[in-house]
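Per TrEMBL, these features apply:
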- A:6-28: transmembrane segment (TRANSMEM)
- A:74-97: transmembrane segment (TRANSMEM)
- A:109-130: transmembrane segment (TRANSMEM)
- A:142-163: transmembrane segment (TRANSMEM)
- A:198-219: transmembrane segment (TRANSMEM)
- A:251-277: transmembrane segment (TRANSMEM)
- A:297-317: transmembrane segment (TRANSMEM)
- A:329-351: transmembrane segment (TRANSMEM)
Amino acid sequence: MNFYLTYLLVATLLFAFTAIFALVALYAERKVSAFIQDRLGPMETGKFGLLQPFADILKMLHKEFIIPSAADKVLFTLAPIIIYVAVYMGFATLPWAPGVVPVSLNLGVFYIFAILSVETVGILMAGWGSNNKYALLGSMRSVAQIVSYEIPAGVSVIAAVMISQSLDLQEVSAEQGILAAHPIKFLGIWTVNHTGGILAWNIFQAPHLIVAFVIYFIASLAECNRAPFDIPEAESELVAGFHVEYSGIRFAFFFLAEYSMMFLVSMIAALLFLGGWNTPLPNIGPARLADWTTGTAWGICWIVMKAIILVGTQIWIRWTLPRLRVDQLMNLCWKILTPVAFACMLISGIWRLAVM
Amino acid sequence: MNPGELICYILAGVVVISALVVVLTANLVRSVFLFFVTLFALAGLYVFSLADFVAVTQVIVYVGGVLVLMLFAFMLSNKELLNSLRQPAAAKLSMLTNIPAGIVAAGVFTVLAISTKGLQLAAPSGMSLFPAGMLNAGDNTIHLLGVRLMTNYLLPFELASVFLLMALIGAAHLARKGKEST
């Protein structure tokens, strides 16, 4: 029975983490946007507006559920839950530290991509169920975008997986540091099994993965429907896209799903390209920095820090770049990202055979 | 009955019931969304047959691909058109027009029943994926699948990829604007 209790506890912890992260990210988003636009952001609630996310959540909880009379009530109600659960289930195979992983699955990466594709069904459900033309247009744009950008994202992930030789994310991260079981080489020339640190990360083991990482990062922005790929939510033309009819806690679930998705894709990027839970500090002579900073608590710190830096970059990009047009979006995906991602995959294969 | 078995039976029940509702419901869009439940529960059943790779592929291909395509077709079509497509209330299984379909279905099920009667679940020796001929939960199935696809089953694998490439080129050709029509 303890077995099931542990599972329940882990699931609850992950849920609590996504909820708390969404609150923090909501505050960060407001503050970062304010600083980029030379404003102060929320300052009234609490010191520096620190209580703002709690005030927001209280407001959401108080609001009435409004279901439009012409909406499909079942689909309308289920959509936010399906979208959130799809993202939340993706967390199941993500490792947090050496030995700390909810499920160590052979198919880790593949599973995450499959479960995230369920999100598109949820978005279509929200768009159709709302019975509103803006919602429908938003959901169709969103799904067209997610389905297109899954291809460069998937191919660039395969490029990284070919270097690590495993789909299990726990193994992928173990292969990028001092705990690696196989010989790993910095830029394919210098064996760094005992040095570790930043030199052993995938992007430095095989430098073409830097390109793959950038492609994955751009594609993951599109999969989160974040600016500059926010035509599904385009406030100025579609009001708010697929979640225009939602209110109260259901609306909050869309936000929760969006911020959890941002953290999820950032964590996948960190795991596949940026060394996972491995420390960036290498062993230098007698200063065994990598040995000292590898462990359960350190692992959790590093992975969360890496993911938060990437989320910060996502927020920064959102408030810096203007929105892309639909044709520019598709051009970028099919004519630039996809061919370059395929080239990365090809180089990965050659690298694996010739260099490693 | 242990919890695993219980979950397996629940999944099987969900598959059958949701598939029935998909066929019998009058609201076409809802039936497509319910199809999602059927496919997902079916993926769960694959996991119980220790075919985890097939289960994940099922979700990625059918839910992420086919189902979204079907939904797109619905959303791009007119809502009045969808309403007129609803089955008339008088439609019943025993109608005369359903007899040919019934005969085909009965034929398929007969073939299935006959072909699975003497079926042994273990593959013949030499063809088996696993050295001992047995598959355990937690085996690295994807590694063995990859090795087999590149050795014993290379020809079917390559044929399938050439077919897919042909379909892709055909689709790109159809979608392209003709020179004279621009």
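Each residue, glycine too, has its Cβ placed from N, Cα and C.
TrEMBL does not curate its annotations; it predicts them automatically.
Using a Cβ-Cβ cut-off under 8 Å and counting only residues 6 or more beyond its ends in the same chain, the transmembrane segment (A:142-163) has close neighbours at 109, 113, 117, 119-120, 123-124, 127, 172, 202, 205-206, 208-209, 212-213, 215-216, 218-220, 222-223, 225, 229, 231-233, 241-242, 268, 272-273, 329-330, 333-334, 337-338, 340-342, 344-345, 347-349, 351-352, 356. Long-range Cβ contacts of the transmembrane segment (A:74-97) within its own chain (Cβ-Cβ under 8 Å, at least 6 residues beyond either end) map to 14-15, 18, 67-68, 103-105, 108, 111-112, 115-116, 118-119, 121-123, 125-126, 128-130, 169-170, 173, 243, 245-246, 250-251, 253-254, 256-257, 260-261, 264, 267-268, 271, 276-277, 295-300, 303. Distant neighbours of the transmembrane segment (A:198-219): 149-150, 152-153, 156-157, 159-160, 163-164, 172, 176-178, 180, 184-188, 190, 192, 269, 272-275, 278, 280-282, 310, 313, 332-333, 337, 340-341, 344, 347-348, 351, 355; these residues of the same chain sit at least 6 beyond its ends, with a Cβ under 8 Å from one of its Cβ atoms. Comparing A:6-28, A:109-130, A:329-351 for CB pairs under 8 angstroms to the transmembrane segment (A:297-317), the maximum falls on A:6-28. Of the ranges A:6-28, A:251-277, A:329-351, the one with the most Cβ pairs under 8 Å to the transmembrane segment (A:109-130) is A:251-277.
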